[in-house]
Amino acid sequence: MPAPTQLFFPLIRNCELSRIYGTACYCHHKHLCCSSSYIPQSRLRYTPHPAYATFCRPKENWWQYTQGRRYASTPQKFYLTPPQVNSILKANEYSFKVPEFDGKNVSSILGFDSNQLPANAPIEDRRSAATCLQTRGMLLGVFDGHAGCACSQAVSERLFYYIAVSLLPHETLLEIENAVESGRALLPILQWHKHPNDYFSKEASKLYFNSLRTYWQELIDLNTGESTDIDVKEALINAFKRLDNDISLEAQVGDPNSFLNYLVLRVAFSGATACVAHVDGVDLHVANTGDSRAMLGVQEEDGSWSAVTLSNDHNAQNERELERLKLEHPKSEAKSVVKQDRLLGLLMPFRAFGDVKFKWSIDLQKRVIESGPDQLNDNEYTKFIPPNYHTPPYLTAEPEVTYHRLRPQDKFLVLATDGLWETMHRQDVVRIVGEYLTGMHHQQPIAVGGYKVTLGQMHGLLTERRTKMSSVFEDQNAATHLIRHAVGNNEFGTVDHERLSKMLSLPEELARMYRDDITIIVVQFNSHVVGAYQNQE
């Protein structure tokens, strides 16, 4: 691999190709695909399209996959023990603390915690975090894949490079291009902060690098170097749109390498939403495409917590999105463009990367499939044309960008895929994280809501909490603590170990019926530094 390619796309470690590129089940709640996929209870009345039924191949004898686990058991019940639960919850957790200089942290970010809990096998969510080295700021993002993990994997590897390049001044772009031309080593533009299980595709790194290079060459040609001001919002939008365009173009052109040729097609025909935050001092930008969310945790003067939404879901619950779609297509399609709260009756998010089945013309789809590998040509999903498909594209990857200037009371930011937001209210998310970060969790009164609780039940709740007073400290990661509550909370808002154990014991075919993949990043802000910015004005 050429040196410049290696510098831009570091190889974390060799990965299991079967885990990354093996046959993926094209089954996800984002697509109305089959009855065994995860579909929220309120949407179960919708009938799947027959063409999707062939993509769900539940493993036979699922019980065999549990034989390696040890269970605490009763004659009829099998529960994971608390240590086993912790092992599952903490398997994918990652924490990063911003390094100090001379004993001081001069960044507006103290650090972040992240974690993932799969429901699909393999998990279709991805996450990324990186520090921009040639400019200022940090990038953090969550990516929710559907119809497989190929697109979310590619976007998680590539999007931050496109954003970083979009933020670079003209002279830096020229320096990078000259270094590549002359074969000289160049400084990396990103410092990645990744869990050991997060990976880069070494097979596709050269292809990805060449597409990125073409992008910065075009930026050099477009920019004469006269203007030094870079609009972060515009850079984010351009990066999202350009990456999606490259994903589409790579699939159309193909690759002489059969492995890469199949890979780029899988990336293009699957899809992914993205929610990305760029933090530079007190300037916070959130770019969102799809239905993942960014939530700001604000601590009020009385110590209470409030949630400030920094992103909008791009789905049928968003009236502006519905109006946008209807305006982009003829009036004759007003009743068909969104059916049963889904794009063309099939796709839940109205914005996403990939998903070329909702972007390409029918002729282009047929031409690419017919000239593609046998695995693609034999796949009923790729050959299926959505109903009422008259005026593509119906889908865009253009993000909606929100700006927020940080204040001392802004304590943290939660980025999470919809697997979290479908199980917890935003205010509960912020309260749980806030109490965790301030160590106040065990001091809060037990909330029983409108339930009638007997004295014996209350005694049981108090006893349970007393034995678990250290639970807040048994989780050293805020994202892990949040997942524990998202999966294990009972009607009283406390973690029920029996419920948590049951949910984590479900085989993958059942897990998807109860919840989605969950990916969370919790970013903690440095109130002292943020306050200093404010005082300088």
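Here the Cβ of each residue, glycine as well, is placed from N, Cα and C on the backbone.
Going by Swiss-Prot, these are the annotated features:
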- Asp144, Asp418, Asp516: Mn(2+) 2 binding site (BINDING)
- Asp144, Gly145: Mn(2+) 1 binding site (BINDING)
- 109-525: domain 'PPM-type phosphatase' (DOMAIN)
- Lys202: N6-acetyllysine (MOD_RES)
- 1-71: transit peptide (TRANSIT)
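Cα of Asp418 (Mn(2+) 2 binding site) to Cα of Gly145 (Mn(2+) 1 binding site): a distance of 11 Å.
Averaged across the domain 'PPM-type phosphatase' (109-525), pLDDT for the predicted model comes to 91.
Across the structure, Asp144 (Mn(2+) 2 binding site) and Lys202 (N6-acetyllysine) place their CA atoms 22 angstrom apart.
Annotated pair Lys202 (N6-acetyllysine) and Asp516 (Mn(2+) 2 binding site), C-alpha to C-alpha distance, rounded: 29 Å. With respect to their backbone Cα atoms, Gly145 (Mn(2+) 1 binding site) and Asp516 (Mn(2+) 2 binding site) stand 11 Å from each other.
According to DSSP, Asp516 (Mn(2+) 2 binding site) sits in a coil region rather than a helix or strand. Taking the Cβ of Lys202 (N6-acetyllysine) as centre and 10 Å as the limit, one finds 17 other Cβ atoms among all the protein chains shown. In the three-state DSSP scheme, Asp144 (Mn(2+) 2 binding site) is classed as strand. The number of other CB atoms found within 10 A of the CB of Asp418 (Mn(2+) 2 binding site), across every protein chain shown, is 27. Secondary structure from DSSP puts Lys202 (N6-acetyllysine) in coil.
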